Amino acid sequence: MKTYIVGGAVRDRLLGLPVRDRDWVVTGETPESMRRRGFRPVGRDFPVFLHPDTHEEYALARTERKTARGYHGFSFHAAPDVTLEADLARRDLTINAMAEDENGELVDPFNGRQDLAAGILRHVGEAFVEDPVRILRIARFAARFGFSIAEDTQNLMRFMVDDGEVDHLVPERVWQELSKGLMEAQPSRFFTVLRDCGALARILPEVDALWGVPQRADYHPEVDTGVHAMLVLDQSARDGLGLAARFAALCHDLGKALTPAELLPRHSGHEGRGEAPTRALCERLRVPAECRDLALLTVSFHSHIHRIRELRPDTVLRLLRECDALRRPARFDDLLAVCRCDAHGRPGHEQDAYPQIAIARRYLDAAQSVNAGDIARQTPDKSTIPYRIDAARLCAIEAAKRQIS
């Protein structure tokens, strides 16, 4: 029985990064012999086993053959005569097609170490075109490592898009890769890589439509709305925001792509126009409710937060109510954090003060200071309880506004 550490564990060790998960490939064995050795089968589509002691995954060396379009359109062949090199040849990128034997010797038939040192993402072979998920993975690795993409690989990605292969990606897998891409160090690279090969227009047309839409240069020195969206997204990564907040940053200005041409470069009403494309994107990709809801709140109310010092107390109360801020203060904090990224996502404004967060929290604290239970107990006519609670909260917000002013 010969075992090899493969893929990301080898790559990350060579990069000097922490190795979190180790995947193993086994040659010269069968499913029956693996079970006799105490390995527990867990693979549904191909032979994968858990080690009896470490519980790490061990997969029999295998080859694969394309049988239909899309991510699931493959058949696999695993047998004792499948070599390690044959198994590595089916992998996506040279930097992921390396292995180490039990003595720590590197097995590198496709010069992955050389590409790793040069910072290049390069496909292993022509079979790359058979799996559209690989386009998303390349975009994700570009966002993680900042690597460039080999010209031949870029050409293959464009071919896959033109051939319609990406149109067969299942929503769950797109979201899986998108959510990982959003959490990388430079998430904008994920989207620009997809845009450069034409995949963004097929997978996320609502986002792709932002490029080429102008904004007022006095507010947005970057002018282009797509560029602004990427600046905001990268700011959310620098600020260490979570997945829901980063997704909200991506979606916050989707309505600007729908601004009538005669209004440009102004975008009055873009908040309302942004709801439909955001909902469409979320429904199509089956985005989790936490991410969807924060994105919709950000789309609808980011301009309110930017102008919160100017808002009337009754408008502030309505904002807090529609954001469900009294019951969901942590989510409201996420909204505020995304709005700060929006303000900072403009060249020359990265370090600007953003007092709106402190003001919004002051208003929320004022509204929360009202004891709704006491009001309810002291109100004989129970039908007026909501009105009296709102009136008390409005008075508290008015007092806070006077102090802020």
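Yeah, the Cβs are placed from backbone N, Cα and C, and that goes for glycine too.
What Swiss-Prot annotates here:
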BINDING   Gly8, Arg11, Arg91, Arg137, Arg140  CTP binding site
BINDING   Gly8, Arg11, Arg91, Arg137, Arg140  ATP binding site
BINDING   Asp21, Asp23  Mg(2+) binding site
DOMAIN    225-326  domain 'HD'
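Using DSSP to sort the residues of the domain 'HD' (225-326) gives these counts of helix, strand and coil: 77 helix, 0 strand, 25 coil. Report note: the ATP site is defined by Gly8, Arg11, Arg91, Arg137, Arg140, and the residues of the same chain whose CB lies within 8 Å of the CB centroid of those residues, excluding them, are Gly7, Asp92, Leu93, Ile95, Asn96, Phe141. Between the CA atoms of Arg11 (CTP binding site) and Asp21 (Mg(2+) binding site) there is a gap of 12 Å, rounded to the nearest whole number. Neighbour counts of Cβ atoms within 10 Å were taken for the binding-site residues Arg11, Arg91, Arg137, Arg140; the minimum is at Arg137.
Here the Cβ of Asp23 (Mg(2+) binding site) has 17 other Cβ atoms within 10 Å, regardless of which shown protein chain they belong to. For the recorded site, Arg11 (CTP binding site), the DSSP three-state label reads helix. Under DSSP, Asp23 (Mg(2+) binding site) is assigned to a strand (E or B) in the three-state scheme.
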